[in-house]
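In what follows, a structure is listed as structure tokens, so that the remarks can point back to it.
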Amino acid sequence: MKIIFMGSPEFSVPALCALLEEKDHEVIAVYTRLPKPAGRRGKVLTKTPIHIIAEQNNIEVNTPKSLKHDYEQEKIFALNPDVIVVVAYGLIIPEAVLSIPKYGCINIHPSLLPRWRGAAPIHYAILSGDEQTGVTIMQMNELWDEGDILLQRDIPIDEQDNIDTLSQKLSNLGSSMLIEVLNNIDHLVPIKQNANDATYTNKIIDFHIDCNEEAQVICRKIRALYPKAFLFFNDKRLRILKANYCPDSDLQNLKPGTVINSHMHIKCKNGVLIPLIVQLEGKNPCSINDFIHGYSISNSSIT
């Protein structure tokens, strides 16, 4: 089967690697996002992980800004793919492109659709305290994450999973499911999603920890937004990379954000946040014990 692969971030890598190991399938071209400026003054252009792997395997790489233009669609048509595989590509796939391959476009989506449609399904599964999540391989249509389900599998969410560890588990699961779908694509019966069960995600832009939230919710936020969740310690950003929590039945009168002891336990709504690994802006990550030995905790401001 001739395949065009569309993907960009690290999450896409296991799927592409799985395809490259298959003798019955050939990746004839890769589509990925444009290299981004990086380094001091943005003088270095950084290619996506998919771009790098494609070049290492002598696969044609395309980095269009959009697939809406006729000449981009004509290029895909000329490649004559049997199927297009889309994994966290980052561009909208127009209906004109969806209809080019014999088997259409199939997508690896890291949730149990129709739960958590949208851009941040793994984050939302952790934030919401879901006990399980999974991967859906779907037949793409012109609607956002509403295509028919070709295959779906679930996995448990471990209490210590953060966005990195859970993403890796789902990425690996999705890559094996992809091969199963491609090898059996003529025999699969697509299943329509139940729109009544749909839930949606939005791009996450707020990484600040609000101590007025419940401590358990804050711990989930730290895991879901790793390594970006932060609070302000004496007006400097302090990232909380790992934390635990406990009930606070004896501390109801304290204001949220209060540092309640020398271990830097922080009063929150209905609980106490127990930081374990932190990173002050401009510094390296460290254990909370190392942090409190280097900074004065008493009379500190936590917001």
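The backbone N, Cα and C atoms fix where each Cβ goes, and this holds for glycine too.
In the shown protein chains, 21 other C-beta atoms lie within 10 A of the C-beta of Leu112 ((6S)-5,6,7,8-tetrahydrofolate binding site). In the three-state DSSP scheme, Leu112 ((6S)-5,6,7,8-tetrahydrofolate binding site) is classed as coil. The (6S)-5,6,7,8-tetrahydrofolate binding site feature in Swiss-Prot is assigned to Ser111, Leu112, Leu113, Pro114; the stated evidence is sequence analysis.
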Inside 10 Å of the Cβ of Leu113 ((6S)-5,6,7,8-tetrahydrofolate binding site), count up the other Cβ atoms and send me the figure.
26
Neighbours of Ser111, Leu112, Leu113, Pro114 excl. site residues, C-beta within 8 Å of centre, (6S)-5,6,7,8-tetrahydrofolate:
His109, Arg115, Trp116, Arg117, Pro121, Gly134, Thr136, Asp145, Gln152, Gln193
Using Cβ-Cβ distances, find the residues under 8 Å from Ser111 ((6S)-5,6,7,8-tetrahydrofolate binding site) that belong to the same chain and are at least 6 apart in sequence, listing them in sequence order.
Arg117, Pro121, Ile122, Tyr124, Ala125, Thr133, Gly134, Val135, Thr136
Chain-internal residues near Pro114 ((6S)-5,6,7,8-tetrahydrofolate binding site), provided their CB is under 8 angstroms and they sit 6+ positions away:
Asp145, Glu146, Gln193, Asn194, Ala195, Asp197, Ala198, Thr199
